[in-house]
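K.L.:
These came from TrEMBL, pasted as-is:
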BINDING   A:HIS65, A:HIS67, A:HIS213, A:ASP301  Zn(2+) binding site
BINDING   A:GLU94, A:ARG146, A:HIS186, A:GLU216, A:ASP301  substrate binding site
DOMAIN    A:58-405  domain 'Amidohydrolase-related'
2 protein chains.
Amino acid sequence: MNRLWIENGTFVTMDDSRPVLKGHMVVEGDRIVYLGEEPPSPAPEGAERLNGQGLVFMPGLINTHAHSAMSLLRGYSDDEALQVWLEQKMWPMEAKFTDDDVRWGTSLAVAEMLKSGTTTFVDMYDRMHIVAEVVEQSGIRGVLTRGVIGLCPPDVQTEKLIEAKQFAKDWNGQAGGRITTMMSPHAPYTCPPDYIERIVEAAHELDVPLHTHMSESLAEVEQNVKDYGRRPVEHLDKLGFFSKPALLAHAVHLNDEEIALLAERGAAISHNPASNLKLASGVARVPQLLKAGVTVSLGTDSAASNNNLDLFDEIRLAALIHKGVSGDPTAVPASEALKLGTVYGARALGKHSLLGVLKPGMKADFIAIDAEQPHFYPQTEMVSHLVYSGSGRDVKHVWIDGRQVVSSGECLLIDEAKVKAEAQSCFERLLAR
Amino acid sequence: MNRLWIENGTFVTMDDSRPVLKGHMVVEGDRIVYLGEEPPSPAPEGAERLNGQGLVFMPGLINTHAHSAMSLLRGYSDDEALQVWLEQKMWPMEAKFTDDDVRWGTSLAVAEMLKSGTTTFVDMYDRMHIVAEVVEQSGIRGVLTRGVIGLCPPDVQTEKLIEAKQFAKDWNGQAGGRITTMMSPHAPYTCPPDYIERIVEAAHELDVPLHTHMSESLAEVEQNVKDYGRRPVEHLDKLGFFSKPALLAHAVHLNDEEIALLAERGAAISHNPASNLKLASGVARVPQLLKAGVTVSLGTDSAASNNNLDLFDEIRLAALIHKGVSGDPTAVPASEALKLGTVYGARALGKHSLLGVLKPGMKADFIAIDAEQPHFYPQTEMVSHLVYSGSGRDVKHVWIDGRQVVSSGECLLIDEAKVKAEAQSCFERLLAR
């Protein structure tokens, strides 16, 4: 069994009982087995030793909303309204996607995520078996789901549902447990109510969580009220969506009653600040959601609406924008912002007993930050420094399930040169097609 | 004379007539002498040759508002209201600053700025001769000004004014022209009107521009109305502030009349989005300012309220927040956001005939970005990629006045290890004092 002993490191644990600790951590197999100020005693036999001097170790970041294959469309359409961007730019290009496009787009995204410290990501897309293969090979942890759009004839709906169920069944627990699955109607505005109910039923059948886009734009909320006589949260509630653990991406436009209902139902939010700003969807009511006890996590959304997958950017945005927009400088303090990207992410995925905190018994999903840089000096408040000054480019090493997947900024299990070249070719072929 | 020939590079020029160009650039002495798709003909004799493959070259970034020495206080006080942060945390610590603190705090800031691609910065602080020495040695370009607070007895006011004038006079044009100076009342709320008038008079005497903080918080605008019967823009106008080129930091709370008056007077703004969000000051009306024809540039403010000095962060924030807050996804498009950090910065400092654009005749202040990274793929829209995916950590090389000051991410004229160690000691001594 592989053993790793990190000596003389600084550990930002996300464990409230000892948030920052200078000392030692020991990993055995896929687990953290020791974390403390004193060296482990007895010393772990045959352990690889790593000098942690100048490094800050923290839990791997958790990105709870992505469409990885869309990294191929980074920069393809900027500075447009959500519906124009989606319906006139994204969907026509995505309709041309082949297996290869999904493979190399996803690989590009996973390389970017790993190098910037994300160890777990949620991916909602199609051709998900290809995404799963990329996850398997790259060493990342993935919560994968075939997002289905129900704006199609009943037989096509059924076909998509069968495919989504089959994927969720086949891949749940694969890659040594690194892959788990969910069921996902794309959104209330793209799925008729009875179709959502069938997807919920499938989630029960397979015992997996549910994921969807919800209340991203004001127009979509107004349309929901017009079509179904109620706002999206109540609409989904009536369709049984919250009868399983549910993760809602965006949730920008919520009223007080909806926030209370989400808290009551135990639903979790994937807050996507960069995407919501870029598409001018608005600013989610994160301080109110947190106050109500709703679990708020962070997502990048796709690189086509962000346009990067560096979760440190989302963490900093979450710490900054809610202060500026609410006028309350104490809103989403640094320590809370860092939780959004780690421990709350784990909670949003029902994985908080395994991920999001550095402590014995947890999975060894963690990252090492090069703290020997001017923007981390004076070396005092590391949580503040990580949130307000940190970047994915500061990530030096990454481990997932105790296995090192990034070393000195290089992916160990991904051929990055090939991924970049293939992604470039795919995009050029898409343009020409 | 030193000659540099960059071959096969991608150039984001900020020149509207040819925004992105693949080809060659030649530098002679402190100037760009050639930029074109074809190799220079005849080939420049004795030139150092640099293979630009995989690199994106662009003008060095221009940070139009900083208090560099305050980098010592990075992370010292977060998530507090402006007045608490300023009056209870910053001012008491700054009152303890010695020459050494200013020297090492400024050196830390300059190292961070150079490494993240800033080639020109505006610094408003005191003990400015020390800041000037750091600028001289480090190779950065600085527009320096002794900010004076007039909440003191008349003789102290006079003493400060004399010191500020002497500094502005002694250092203007020094360091081979890399240093220029300004005169700066700290803010309308910290300087009595007659004191501002004396500072304006000094700016005329020395023929230098004026800089001040203005309308950062709503409270300060309301206080101005209460004390002087008018809002800050009109107040400054009456005091003659706009009779010289003027740079106004923050300018968050402006009404339509103030925006029109600023446009008429040709005053420039230093927009500081991260600082304004973090201190919950609000969101400046940048789309309206740009529409009115006001020159808007970008500043980081100090690392105590940001908490980093990476201007790419400000560029991205400027591109994102004004969309999200206004609801208009076309607000501050990527190309405009990049201008805020380059060509408009140069204009705000009256240096647009020398800086902010890559073209023959301009100063050779430019940076090279490592574009061979997943977050810059597919390599299509480089302006979009720089704005929405770029970071100061992507900067590989930096040249100022034709001299290379950063090579492969390392400062050539600053002993970074010493700067970090000294900054750490200074902060620890400040805490203990």
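Note that Cβ sites are derived from N, Cα and C of the backbone, with glycine treated the same way.
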K.L.:
As a test of reading the model: what is the averaged pLDDT for the domain 'Amidohydrolase-related' (A:58-405)?
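P.N.:
Value for the domain 'Amidohydrolase-related' (A:58-405), mean pLDDT as a whole number: 97.
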K.L.:
C-alpha of A:HIS213 (Zn(2+) binding site) to C-alpha of A:HIS186 (substrate binding site): distance in Å?
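P.N.:
Here the two Cα atoms are 6 Å apart.
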K.L.:
With the substrate site defined by the record as A:GLU94, A:ARG146, A:HIS186, A:GLU216, A:ASP301, how many Å span the farthest pair of C-alpha atoms?
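P.N.:
The substrate-binding residues span at most 20 Å between Cα atoms.
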K.L.:
Which whole-number value in Å describes the distance between the Cα atoms of A:GLU216 (substrate binding site) and A:ASP301 (Zn(2+) binding site)?
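P.N.:
The separation of the Cα atoms works out to 12 Å.
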K.L.:
Between A:HIS65, A:HIS67, A:ARG146, A:HIS186, which of the binding-site residues has the fewest other CB atoms within 10 angstroms in the structure shown?
P.N.:
A:HIS186
K.L.:
If you draw a 10 Å sphere on the Cβ of A:ASP301 (Zn(2+) binding site), how many other Cβ atoms land inside?
P.N.:
27
K.L.:
Which residues, sitting 6 or more apart from A:GLU94 (substrate binding site) on the same chain, put a CB under 8 Å from its CB?
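P.N.:
Expected: A:MET70, A:LEU73.
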K.L.:
Which three-state DSSP class does A:HIS67 (Zn(2+) binding site) fall into?
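P.N.:
Where A:HIS67 (Zn(2+) binding site) sits, the three-state DSSP reduction gives coil.
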K.L.:
In whole Å, how far does the CA atom of A:HIS67 (Zn(2+) binding site) lie from that of A:HIS186 (substrate binding site)?
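P.N.:
Cα-Cα distance, A:HIS67 (Zn(2+) binding site) to A:HIS186 (substrate binding site): 12 Å.
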K.L.:
Around the recorded Zn(2+) site, report the further residues of that chain (criterion: Cβ within 8 Å of the mean position of the Cβ atoms of A:HIS65, A:HIS67, A:HIS213, A:ASP301; site residues excluded), sequence-ordered.
P.N.:
A:ALA66, A:MET124, A:ALA249, A:HIS250, A:SER270, A:ASN272, A:SER275, A:GLY299, A:SER302
K.L.:
What's the CA to CA span in angstrom from A:ARG146 (substrate binding site) over to A:ASP301 (Zn(2+) binding site)?
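P.N.:
If we compare the Cα positions of A:ARG146 (substrate binding site) and A:ASP301 (Zn(2+) binding site), the gap is 15 Å.
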K.L.:
Rounded to the nearest angstrom, how far is the Cα of A:HIS186 (substrate binding site) from the Cα of A:ASP301 (Zn(2+) binding site)?
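P.N.:
Distance (Cα to Cα, whole Å): 13 Å.
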K.L.:
Give me the count of other Cβ atoms within 10 A of the Cβ belonging to A:HIS213 (Zn(2+) binding site).
P.N.:
25
K.L.:
At the level of the C-alpha atoms, what whole-angstrom distance separates A:HIS186 (substrate binding site) and A:HIS65 (Zn(2+) binding site)?
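P.N.:
Computed Cα spacing between A:HIS186 (substrate binding site) and A:HIS65 (Zn(2+) binding site) is 12 Å.
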K.L.:
What number of additional C-beta atoms lies within 10 angstroms of the C-beta atom of A:GLU216 (substrate binding site)?
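P.N.:
I count 27 other Cβ atoms within 10 Å of it.
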